[in-house]
Number of protein chains: 2
Amino acid sequence: MSGKGGVGKSSVTALLGGDLTKKGYQVGILDADITGPSIPKMFGIHAQVDLVENFFLPPEKHGIKMMSVNFLLGNENDPVIWRSPVIIRAVKDFWVKCAWGDLDYLLIDLPPGTGDVPLTVMQSIPLQGMIVVSSPHDVTVMIVKKAIQMAKKVGIPVLALVENMSYFSCPCCGQTTPVFGKSKVREVAQGAGIPLTAVLPLDPCLAMLQEEGKIFDYSLKEDLSALLGRREEQK
Amino acid sequence: MSGKGGVGKSSVTALLGGDLTKKGYQVGILDADITGPSIPKMFGIHAQVDLVENFFLPPEKHGIKMMSVNFLLGNENDPVIWRSPVIIRAVKDFWVKCAWGDLDYLLIDLPPGTGDVPLTVMQSIPLQGMIVVSSPHDVTVMIVKKAIQMAKKVGIPVLALVENMSYFSCPCCGQTTPVFGKSKVREVAQGAGIPLTAVLPLDPCLAMLQEEGKIFDYSLKEDLSALLGRREEQK
């Protein structure tokens, strides 16, 4: 979750899913961003979903099962101009009417905001916890604090805060620039009582791999799976 | 509009509003992003809105009138956990029950997605046109194409495409890096029949001014007001 858009919720979800898979866990990703789905493109999946006895069979890549509205569209550029009750129905169906099978982790990629979809997910799916994604940008931090407040009000534990696009290292001279302002991850995490943090750079290599649908191939320096707490040990 | 979050809709709205104001136009900004409002913070306004005869009196800075949900909250970090019908009511009230007065331009900053709020704005406010904001990132471009498709379906002309965070120039060595991938603004605009385009860099100075609530002081190299078509001449 983030509250803010474009900070890397989908990237972090995909990278965490990849990390867990490489460590031997069975992972599913539920793309709850119905009007702005990013997960299929990042993994390079252009599948159409199959139905078996009224259940969606989630397409699979690298052993990760995924469900996204893009698997239901004729063309991935088609807009989903749905009123909110229909969007909520879709998200609930991705949970209830999807043959996820036996998973160790089901990661849910939320849309921006603190509106209907995050609220529905928090109230109707039994969640172990939230990982909140932010950037160092002050405007972003304000909106991310709203999301943290929301999780608290609804009673979902916030496991970790990930600061994405924290800095940029020039590939030419190595100079590190805090493009979106000074890092605020510790300050925000401490203020909100969030136990774990991680910092990710703004990395053109990641953008390139995402463009090519190869986010699974990104070599992550950070141990994102550690953010989930005790179960992170190699299986 | 964008479809995607975090590409700079609010930055472009604020910069365009500033540009038009400096050219002598009377400008209003309606912040339709109810769960993730950015406009007040960028301009450094922490006002509470006044009510006169059941009409909101939009707070003003640099001569720009603004209405945002943050002016209704006790604390700007408070989340707005509203179901969709309430969010839509708020956006409609910002239009109908707000004493905008005599404006040359009312700019509307939309939330991400192609759901309820963009649809409501397109169907219930008489719009001159849309300016679509994107980044070069392929995942973003796919989602932005959905937004362009939506505007077409609803019959709103898309006036221009702005590619934000198009490149980063290292402040140390001057090296320019396309951090989110190769620019695609011309290709997308041509493909969608969008007449005008603009390209903005990823500029740490802009992020800094936004943090300080001083986006009005940013010296814009691009003539954003030209994107509105014929009325751009100095008043």
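Just so you know, glycine gets a Cβ as well, placed from its N, Cα and C.
Listed in TrEMBL:
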BINDING   B:G3, B:K4, B:G5, B:G6, B:V7, B:G8, B:K9, B:S10  ATP binding site
What is the number of other Cβ atoms found within 10 Å of the Cβ of B:S10 (ATP binding site)?
26
Are there binding-site residues in B:K4, B:V7, B:K9 whose CB lies under 8 Å from a CB of chain A, and which ones?
B:K4, B:V7
Most crowded position, judged by CB atoms within 10 A, among B:G3, B:G5, B:G6 as binding-site residues:
B:G3
Given the binding-site residues B:K4, B:V7, B:G8, B:K9, which one's Cβ is surrounded by the fewest other Cβ atoms within 10 Å?
B:G8
